[in-house]
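Pulled from TrEMBL, these are the features on record:
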DOMAIN    15-484  domain 'Major facilitator superfamily (MFS) profile'
TRANSMEM  12-40  transmembrane segment
TRANSMEM  52-73  transmembrane segment
TRANSMEM  80-98  transmembrane segment
TRANSMEM  104-125  transmembrane segment
TRANSMEM  137-157  transmembrane segment
TRANSMEM  169-188  transmembrane segment
TRANSMEM  303-319  transmembrane segment
TRANSMEM  339-358  transmembrane segment
TRANSMEM  370-390  transmembrane segment
TRANSMEM  396-417  transmembrane segment
TRANSMEM  429-452  transmembrane segment
TRANSMEM  464-484  transmembrane segment
Amino acid sequence: MVFRKPPDGGWGWVIVVVSFFTQFLCYGSPLAVGVLYLEWLDAFGEGKGKTAWVGSLANGIGLLASPVCSICVSSFGARPVAIFSGFMVAGGLMMSSFAPNIYFLYVSYGIVVGLGCGLLYTATVTITCQYFDKRRGLALGLISTGSSVGLFIYAALQRELIELYGLDGCLLIVGALSLNILACGSLMRPLESSSSPPPEKTCVEKVPDQYFVYHEKEKTAEENISILEKGYTDEKCVNNVPDCKQESILNKNVLSAININEKDTYKKKVVEQTNFCKQLAKRKWQLYLTYWKETMVLFKNKVFSALFVAILLFDIGGFPPSLLMEDVARSANISEDDYYMPLISIIGIMTTVGKLILGILADFKWVNTLYLYVTTLLMTGVALFAIPFAKSYLTLAMLSGILGFLTGNWSIFPYVTTKTVGIEKLTHAYGILMFFAGLGNSLGPPIVGWFYDWTQEYNTAFYFSGFCVLLGGFLLLLAALPCWNACTNQSSKLPPNTYSYKVASNA
C-alpha cells in the first residue's frame, strides 16, 4: 500500500469528525466508570482496591495490548478494525449488565470493553496522523476531545440512567449507544494512491501465485486433451464398433502412462510446497527479529527511553483521580446537597479544554512540545499533592478542573512521539509507549484503593501518586536538556531512520 502525501484537509476533516465520535462512544463509559464504581461497591460488597480493578482494566488493557493493536491496524487497516471493535465494546457493555459477581466484570467490562477501546484508539490516532501533517497537532487535539466530552456527558448520563432503570438497564442502554461506532468506522476511508502501481512481491510471495498459475494451466491442458480424445473416440464408436474396442485398449495404456507422470508431477509439487513453507517460516522469523531489533534501536534514543518511564509513572499517579474522585468526596463527608456538578464531569470538560488548547499550542513553531509535555507532568504532580488538603466541594472541584486540564496532554503525546522517532516509526513506537501507559492505568487505581484499605484514608495514596508523576517529569526533563545533546553526539551514533528529539523537532 502506497500512501499519498497527507492532504491536511478534505476528507481528513471527515476522519476527524468520525474519530471524535468514535472516541466519544467507546471511552465515555470507561472514563466515567467512577459513577459505576460506587454502584459496584454497594452491589458486590468488595474492597475498594479489588473493585477498582474493573475500571482500571477497562482503561488499561487496551493500552497494554497496544503492540497487538498496532499490528492489527497495520495489517487490516483502520476501517475493518474500527467496525470489529465496535461490536466488542457494545457486546462487553451489554454482557456486564448480567454480571453475577466482580470477577465476571473483570472479563466483560475490563478485558472485552478495554481491548475494544484500545483497538479503536490506535485506529483513530493512526489514520488521523496519515491524513494530517502541518495541522496534525490540531487534528489530534480535536479527536482526543471526543473521550473527554464522553467523560463529561456519560458521567451525568449514567447517573441518570441508574436512577431511572437501575445499573443493569444503564449498561444495556450504553451498550446499544456504542453500536453507532460501526457507522463511524465505515467512513474511515484509507489514504491510498490509486494511480501508483502496487509494490512488487518478493520471491517468497511470488511462489504460491506462480505455482497456482502453473497448476491451472497444466490442468486446463489435460482437460482439453481428454475432451478431444473423448470426442474422437465417440465419433469412431458410432462409425465403427470394432475399431472402438481397439481404441479403448490403446487409450487405457495411454492413461496408465499419464497416471505415472502425474505421480511424478505430484511428488515434485509436494517438494515445491514444502520448500515454500520453509522459506515462508524463515521469512516470518526474520520479520520478528527485525521487529525486536527496531525496538532496541528505539530504546537507544535517550528521550524515548525517558518517555516510556514518564508515561508509566504518569498513569500510575495521574489516572486514579478520574476514577476515584467521587469516592474521595464521599470519604471526606461532603454532603450531596453541596454538589453542583459531578466531579468527574468537571474533569471531563476541563480535559476537553486542555486537549484543545495544548493541541493548538503544539502547532506553533516556537513551542517545544516536549518541554510543554514535561510542564504538564510537573504541574500534575503538584496538584495531586494538594488533594489531601481539600476538605470542601469547592476545593475538590478546583483541583478536579486543574487535573482535567493537565490530563489534556494526551492530545500532544502522539505529537511528541512523532517528533521523537519520526512518522515512519510512529506506529511501532506508539504501540510500545501505550503498553506502558496501559500498565500504569491498570495498576494506579488498585494501588490507591489498597492504600485506602490499609490506612482508611486517601492522603498517603495521593502523596504516592504525586511523587510518581513528579519523578517521571524530572527524568524526562533531564533527558531533554540541551546539555546532553553534545554528549550523545560524541558517544553514540544513531542508526538510519532514527532521530533524536532535537533533529526531529527542527525537521
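Including glycine, each Cβ sits where the backbone N, Cα and C put it.
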Residues of the parent chain within Cβ reach of the transmembrane segment (12-40), under 8 Å, 6 or more residues beyond its termini: 6, 46, 51-52, 54-55, 58-59, 82, 85-86, 89, 93, 102, 105, 113-114, 116-117, 120-121, 123-124, 127-128, 131-132, 139, 142-151, 153-155, 157-159, 162, 167, 170-171, 174, 177-178, 180-181, 184-185, 187-189, 322-327, 330, 342, 344, 348
Cβ contacts under 8 Å made by the transmembrane segment (464-484) with residues that lie 6+ beyond its boundaries: 302-303, 305-307, 309-314, 316-318, 320, 370-371, 373-374, 377-378, 380-385, 444, 447-448, 451, 501-502
Stretch-level contact, the transmembrane segment (303-319) and the transmembrane segment (396-417), CB cutoff 8 A, at least 3 pairs: yes
Segment-level pLDDT (mean, integer) for the domain 'Major facilitator superfamily (MFS) profile' (15-484): 78
Per Cβ pairs under 8 Å, the stretch of 52-73, 137-157, 370-390, 429-452 packing most closely against the transmembrane segment (80-98): 52-73
Contacting positions for the transmembrane segment (396-417) when only residues 6+ beyond its ends and CB under 8 Å are counted: 125, 129, 136-137, 140-141, 144-145, 148, 307, 311, 318, 321-322, 325, 328-329, 332, 334, 340-341, 343-344, 346-359, 361-362, 369-370, 372-373, 376-377, 379-380, 383-384, 386-387, 390, 426, 429-430, 433
CB contact flag for the transmembrane segment (339-358) and the transmembrane segment (137-157), at least three pairs under 8 A: yes
For the transmembrane segment (370-390), distant same-chain residues with Cβ under 8 A (at least six beyond the ends): 303, 310, 314, 317-318, 321, 328, 332, 358, 361-362, 396, 398-399, 402-403, 406-409, 412-413, 416, 419-420, 458-459, 462-463, 465-470, 472-474, 476-477, 480, 501, 505
Cβ pairs under 8 Å between the transmembrane segment (52-73) and the transmembrane segment (137-157), at least three: no
Distant-in-sequence neighbours of the transmembrane segment (104-125), which means Cβ under 8 A and at least six residues beyond its ends: 19, 22-23, 26-27, 29-30, 40, 53-66, 69-70, 72-73, 78, 81-82, 84-89, 91-93, 95-96, 98, 140, 143, 181, 185, 188, 414, 430-431, 434, 438
